[in-house]
Amino acid sequence: MNVATCTHQTHHAARAPGATSAPGAASGDPLGARRPIGDDECEQYTSSVSLARMLYGGDLAEWVPRVHPKTTIERQQHGPVTFPDASAPTARCVTVVRAPMGSGKTTALIRWLGEAIHSPDTSVLVVSCRRSFTQTLATRFAESGLPDFVTYFSSTNYIMNDRPFHRLIVQVESLHRVGPNLLNNYDVLVLDEVMSTLGQLYSPTMQQLGRVDALMLRLLRTCPRIIAMDATANAQLVDFLCSLRGEKNVHVVIGEYAMPGFSARRCLFLPRLGPEVLQAALRRRGPAGGAPPPDAPPDATFFGELEARLAGGDNVCIFSSTVSFAEVVARFCRQFTDRVLLLHSLTPPGDVTTWGRYRVVIYTTVVTVGLSFDPPHFDSMFAYVKPMNYGPDMVSVYQSLGRVRTLRKGELLIYMDGSGARSEPVFTPMLLNHVVSASGQWPAQFSQVTNLLCRRFKGRCDASHADAAQARGSRIYSKFRYKHYFERCTLACLADSLNILHMLLTLNCMHVRFWGHDAALTPRNFCLFLRGIHFDALRAQRDLRELRCQDPDTSLSAQAAETEEVGLFVEKYLRPDVAPAEVVALMRGLNSLVGRTRFIYLVLLEACLRVPMAAHSSAIFRRLYDHYATGVIPTINAAGELELVALHPTLNVAPVWELFRLCSTMAACLQWDSMAGGSGRTFSPEDVLELLNPHYDRYMQLVFELGHCNVTDGPLLSEDAVKRVADALSGCPPRGSVSETEHALSLFKIIWGELFGVQLAKSTQTFPGAGRVKNLTKRAIVELLDAHRIDHSACRTHRQLYALLMAHKREFAGARFKLRAPAWGRCLRTHASGAQPNTDIILEAALSELPTEAWPMMQGAVNFSTL
């Protein structure tokens, strides 16, 4: 395979003197928004070992002097971070601070603001990434004596345009509420946790993307003084600010010190979960605090190590990346003590200052930047991390792990649950572990393959359909889009997620090792560790599932039947004859973001089948999308309560329309009907390949953009070197080559499963068709025989044709499949149910608002036969 090997030093290469500027500069666009990654920087994005290090700022100290020599750089190694003197005449207008968690960034910011605010009229805008962080900053500022800072929560008007908002702390999603009188005149702009703040541009809750993007860009271009700080501030950010303000006006501070609570922390990745320890503890059910430890608690397991510390009287904090595991581990801990605090998205928010009252605190990513617990109360920290497509990314996990600043024993034990990662062979890891590489031990074949995969990933990001639509009005969004795709798509692979988290912890001055591998980590040992945790997670999955059952609430059906919001929901989305119990089951599934997304997509698919011209008119599809994907829908939360949740439609509908144009055609070919349970006909792998083939590459690109699934190309997977590397890094036994039809079947399964919640199931039918073979008509039998080139010239009657078909039964013995709709799919209004007398009055009213020219035309008149 003719692929150049890229070493872990690739991204440090200097830009040659006189080299051409990044694409976009020549056209008058200093941001290069048309191509967020310039060709001259391409090699930075194709080194599988150093890619994560570069994206999280680990190379800034080497990169800045080489690429922007006129930018000043200051490395601070021996104490908490400090900012440049605000009053110094040589101070530059833009200061970027990259320093680890626990390096005193916020304390230094408060000290700097105290010096910079030399007049009552000095105005300051602080932009944060979360509501909780906004409130925390306001409290810190008030306690430190910084006067007159207010939050956007205190505004009684939607637009804030004058005092007291001249010193304002605002979440980035509400930036459009700051009026022009203020926005154009701020003296100081502070972006605390700047990478997380920019990351919010990709959140489904960002409803004013174009306006927020433009306002942020204006502030970055014109504000006299800017402070941008983050533990993961990277070269992309510095390059962006240099392009806006000039490299001579940018100063970079790199803090290399972290307080002992982090630098002395020892992180250990555990190989096993230990569900047998969990089950044994729950069976004992002794009095709180009195659960006896086993004779020899198994070491190297999450629950075994946790039990040993709880039984020994230690105080423990536990991070869980999923709500369900947080509930399970809380039940386990309550066998040892009553003093357990559980914090997640479904529990009331807790005050971090009260954590010292508890022996065990369990939390999810709801506890993140801005919330910190400083007292030396906890002995150890445990972390359960489950990478999955709709879960928190590894940066969010890393930030949550830093909320407890001091651990008395200085130990962090991490279990990576690989059961949520994708197991299909079309998902291939593209990152190599940096510790293994530090000894120069990755074979050249590994680096060649993974570097090529990184290059393909970059190309897919550049080809993103969102680029053309977003680049026109959302420059910052387009500039940092690569990092967003990187963090979401790598969640499909356990190895990639583990390597990213490992890199983030290392960059934060922590010592990280893997259980049983204290010596130099070799490629073989790393791959064996991956395989071990992968199979352990699959074994433990069933035991955990049994513990996650919830008590049903029998009164919900009656409550749902009597609630007006539920009635409106049924009228808009569901068949009128749906039973209340079915509605309740559906609303439980809608409690999660992924459940709501798949529900809306399947509703839209049925709508496109009912209104076929939506596939030919963007205006018609946009009306359907606005009708179904906006507003609020009723859900039932984990507490069994009815709750209204707002839908968050995407601002870029173009790729969604393309997806439904393709999928509605496919659905029609498969005789799809949700109410009937799925596809009306079975199909073979060859049929799937034929369905996908006209637009195969577009399907892969749309799954990448809309489902964050980075599917590896079929021809690449056919390479022996790629197969060997993928098998080693996936933690799976060798799986052989992936044929063209197998690749198509995997892609088909991902399209329907990830986007619509539809299962691909093996059919028990031997012969193609929607019904039983005994019910085939004479014509249908003839078509089957002709399709397989079976001579039937001697047969005249149905009986003769049927006998001939059965005589050639083996020729139809190949695997056949069908699509199975989710259980709630039977509740939806479909094109079949639309034939009933009950018309969809609400949808008709929505479509009636479309102008006549939006509908298909024939010789200048509306073609009613196609509607």
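Here the Cβ of each residue, glycine as well, is placed from N, Cα and C on the backbone.
Straight from Swiss-Prot, the features:
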type	residues	note
BINDING	Ala99, Pro100, Met101, Gly102, Ser103, Gly104, Lys105, Thr106	ATP binding site
COMPBIAS	15-28	compositional bias 'Low complexity'
DOMAIN	86-251	domain 'Helicase ATP-binding'
REGION	1-39	region 'Disordered'
- Using DSSP with the three-state reduction, classify Thr106 (ATP binding site) as helix, strand or coil. helix
- Query: When a 10 Å sphere is centred on the Cβ of Met101 (ATP binding site), how many other Cβ atoms does it contain?
  - Reply: 24
- Gly102 (ATP binding site) CB neighbourhood, other CB atoms within 10 A: 23
- Task: Give me the non-local Cβ neighbours of Gly104 (ATP binding site): same chain, 6+ apart in sequence, Cβ-Cβ under 8 Å, ordered along the sequence.
- Result: Pro80, Val81, Met259
- From the centroid of the CB atoms of Ala99, Pro100, Met101, Gly102, Ser103, Gly104, Lys105, Thr106, the recorded ATP site, which same-chain residues not already listed sit within 8 A by their CB, in sequence order? Pro80, Val81, Ala231, Gly255, Ala258, Met259
- Under a three-state DSSP reduction, the secondary structure at Pro100 (ATP binding site) is coil
- Message: At 10 angstroms around each C-beta, which of the binding-site residues Ala99, Pro100, Ser103, Lys105, Thr106 has the fewest other C-beta atoms nearby?
- Response: Thr106
- Message: As a test of reading the model: what is the averaged pLDDT for the domain 'Helicase ATP-binding' (86-251)?
- Response: 90
